[in-house]
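Per TrEMBL, these features apply:
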type    : residues : note
REGION  : 18-198   : region 'Large ATPase domain (RuvB-L)'
DOMAIN  : 68-201   : domain 'AAA+ ATPase'
BINDING : Thr83    : Mg(2+) binding site
REGION  : 199-269  : region 'Small ATPAse domain (RuvB-S)'
REGION  : 272-362  : region 'Head domain (RuvB-H)'
Amino acid sequence: MNWDDTAPSTDDAVPAGPDRLVGADADGEDTAVEAALRPKDLQEFVGQERVREQLDLVLRAARARGATADHVLLSGAPGLGKTTLSMIIAAEMGAPIRITSGPAIQHAGDLAAILSSLQEGEVLFLDEIHRMSRPAEEMLYMAMEDFRVDVIVGKGPGATAIPLELPPFTLVGATTRAGLLPPPLRDRFGFTAHMEFYAPEELQRVIHRSAGLLDVEIEPDGAAEIAGRSRGTPRIANRLLRRVRDYAQVKADGVITREIASQALGVYEVDARGLDRLDRAVLTALLKLFGGGPVGLSTLAVAVGEERETVEEVAEPFLVREGLLARTPRGRIATPAAWAHLDMVPPQHQAGGIGQQGLFGA
Ligand SMILES: Nc1ncnc2c1ncn2[C@@H]1O[C@H](COP(=O)(O)OP(=O)(O)OP(=O)(O)O)[C@@H](O)[C@H]1O
């Protein structure tokens, strides 16, 4: 039987996968250079047209009223520009910004300390807002709605709640998992935006802009080559650009052409579609060892010598998004696109791919 552990785990912690050039989370080097590459206003912010247009209206209206902007919730995968957008909101409102994250606020007191020191109109950026503790979350409800918190002084039966007025502020919450937010919290945001992965043309614009800031010469075809391997994510596009720049400097005259980009990313094992070594190992095992599946997650993980969490949370989301792998109740199945991508021919019974066999093995 192929029945297996196909349901994604609900554990919040993302396993530490191997260090990846195509990982969407920020690494140390990213953190250092990202500040220089961040767009400073909505005009410079590439793509996400609908979000930009709506946000522009929200901010203009608030400015015209001389009021603090509504609370904003940004959801979307890592590296799509949530932090950047929160800084733009502050800049557009001419307000200072305070940056913190859900895991850093474990006690309601931590949040009270931050809230009570905010200036009028300040933007509070709360990253990973879904990972805040419950008591802090409840304090936030009141702070968002009434600009007030109750500070508890003392313990046990003698404890008293001292109400504390807060200046109006704008909370910008960011989450990779909007579905995990309790509805009372979600409802308190005046504006909610979901950030989508970027189209290749948009990533090309991000790459050209970053190349200009980094003083790197790049041809349009070179930018297109990098964009195609960036998994729809500006952070990855900027990271690949830096690696290709190194290669162009050392192996060529510094100019990034399509050929140079392709050679460089070949050296770093990022293929034409943005798959890296781990992604390809998973697909190769699925095709070569298991004839395209269905195969259980644990079996597949053993075959590639990785933890099942690594396969499930690090490799699979992108493979599923790319339509190369399907998670079914009977196990993992390779799609016809996977066979084509690895230049392999499916065995006869797989020739019709998922379409013939039925996603749920019917
Ligand atoms: N729309 C965009 N235009 C140009 N550059 C962008 C855009 N979005 C993101 N970037 C660049 O991508 C990098 C990562 O963006 P950012 O830190 O805002 O992502 P994030 O969604 O907050 O990620 P995380 O959730 O991991 O914190 C930054 O260097 C930023 O300059």
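Heads up, the Cβ atoms here are built off N, Cα and C, so glycines get one too.
Around Thr83 (Mg(2+) binding site), taking its Cβ as the centre, 21 other Cβ atoms fall within 10 Å, counting all chains. Broken down with DSSP, the region 'Head domain (RuvB-H)' (272-362) shows 49 helix, 9 strand, 33 coil. Here the domain 'AAA+ ATPase' (68-201) is broken down by DSSP into helix, strand and coil counts: 51 helix, 36 strand, 47 coil. Confidence annotation: the region 'Large ATPase domain (RuvB-L)' (18-198) carries a mean pLDDT of 91 in the model.
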